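A.B. asks: I have a structure here, written as structure tokens, and I will follow up with some questions on it.
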Amino acid sequence: MTKIAPSILAADFSRLQDEVERAEAAGADFIHVDVMDGHFVPNITMGPNVVEAIQPHTSLPLDVHLMIENPDQYIPAFRQAGASIISVHAETCPHLHRTISLIHAEGAKSGVVLNPHTPVDMIKHVIADVDLVLLMTVNPGFGGQSFIPEAVEKIREVAHLAAEKNPELLIEIDGGINEETAAACRDAGANVLVAGSSIYKAENMAEAVKSIRG
Ligand code: DX5
Ligand code: ZN
């Protein structure tokens, strides 16, 4: 069954405990945490202290998406704060294999993220080593943007590689996911869908989770 990861970037930051509990009650599988540094992406969001604050209020794995330069420097702090999955952008990691090893050494599951224009080839030689590949379907930095349809072809490419090299791989999609775009991603082979606006702004969160899951 497709896993759903609501992004708390679209939550009410003044009530994060309630917002995380609301997502869990609505049937979410992961809580997606978008970390931005104002360098790799043109926005600043939250750090390890926010992960530490929400962690006691949910039993769901915290799926931490690092949109930051030099992620190696912060991986231990995010793990200590309670991250279960730590994903880094391939574009920020000149020594990607080393960074993945560091995530595992800290005891977390590892993910590698590709921007919409970054070719799947970039991760071909690490796909067997990671737990998750995250494909961006918007340019990272902000919630509420429109899905870039060209990215669907990349989902098929990753699914094809995964069948050969890593059948257990989580293939996660992030950006502009709603009921319609979710269906296209699932058909192409995605098995984890991140959604911010379409879940947190929905009138009925449980219904939104259900319709995105398909
Ligand atoms: C974008 C973030 C996404 C974002 C998704 O940089 O990585 O996780 O929160 O938000 P929506 O679902 O609103 O596009
Ligand atoms: Zn994200």
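Here the Cβ of each residue, glycine as well, is placed from N, Cα and C on the backbone.
From TrEMBL, for reference:
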| type | residues | note |
| --- | --- | --- |
| BINDING | Ser7, His65, Gly141, Phe142, Gly143, Gly144, Asp174, Gly175, Gly176, Gly196, Ser197 | substrate binding site |
| BINDING | His32, Asp34, His65, Asp174 | divalent metal cation binding site |
| ACT_SITE | Asp34 | active site, proton acceptor |
| ACT_SITE | Asp174 | active site, proton donor |
A.B. asks: Which of the binding-site residues His65, Gly143, Asp174 have a Cβ less than 6 Å from any atom of ligand 2?
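C.D. replies: Close enough to ligand 2 are His65, Asp174.
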A.B. asks: Reduced to three states, what secondary structure does DSSP give Asp34 (divalent metal cation binding site)?
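C.D. replies: Asp34 (divalent metal cation binding site) sits in a strand per DSSP.
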A.B. asks: Which one is closest to Gly141 (substrate binding site) in space, judged by CA to CA distance, out of the binding-site residues His32, Asp34, His65?
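C.D. replies: Going through His32, Asp34, His65 one by one, the Cα closest to that of Gly141 (substrate binding site) is Asp34.
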A.B. asks: What are the non-local neighbours of Gly143 (substrate binding site), defined as same-chain residues 6+ apart in sequence with CB under 8 A from its CB?
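C.D. replies: Long-range Cβ contacts: Ser7, Leu9, Ala10, Asp34, Gly196, Ser197.
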A.B. asks: Quick check: with Ser7, His65, Gly141, Phe142, Gly143, Gly144, Asp174, Gly175, Gly176, Gly196, Ser197 left out, which same-chain residues have Cβ atoms within 8 Å of the centroid of the substrate site Cβ atoms?
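C.D. replies: Output for this site, in sequence order: Leu9, Ala10, Asp34, Val138, Pro140, Gln145, Val194.
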A.B. asks: Give the sequence-ordered list of residues that share a chain with His32 (divalent metal cation binding site), lie 6 or more positions from it, and have CB atoms under 8 Å from its CB.
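C.D. replies: Within the chain, His32 (divalent metal cation binding site) has Cβ neighbours under 8 Å at Ala5, Pro6, Ser7, Ile8, Leu9, Asp63, His65, Asp174, Val194, Gly196.
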A.B. asks: Could you check what DSSP calls Ser197 (substrate binding site) once collapsed to helix, strand or coil?
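C.D. replies: The three-state answer is helix.
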A.B. asks: Can you list, in sequence order, the residues of the same chain other than His32, Asp34, His65, Asp174 whose CB lies within 8 Å of the CB centroid of the divalent metal cation site?
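C.D. replies: Near the divalent metal cation site, beyond His32, Asp34, His65, Asp174, sit Ala5, Ser7, Leu9, Val33, Asp63, Ser87, Leu134, Val194, Gly196.
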A.B. asks: If one looks at the chain holding Gly176 (substrate binding site), which residues at least 6 apart in sequence have a CB under 8 angstroms from its CB?
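C.D. replies: Set apart from Gly176 (substrate binding site) by at least 6 residues yet with Cβ under 8 Å, we have Thr137, Val138, Gln145, Ser146, Phe147, Ile148.
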A.B. asks: Considering all pairs of residues in Ser7, His65, Gly141, Phe142, Gly143, Gly144, Asp174, Gly175, Gly176, Gly196, Ser197, annotated in the record as contacting substrate, what is the maximal C-alpha distance expressed in whole angstrom?
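C.D. replies: Taking every pair among Ser7, His65, Gly141, Phe142, Gly143, Gly144, Asp174, Gly175, Gly176, Gly196, Ser197, the longest Cα gap is 17 Å.
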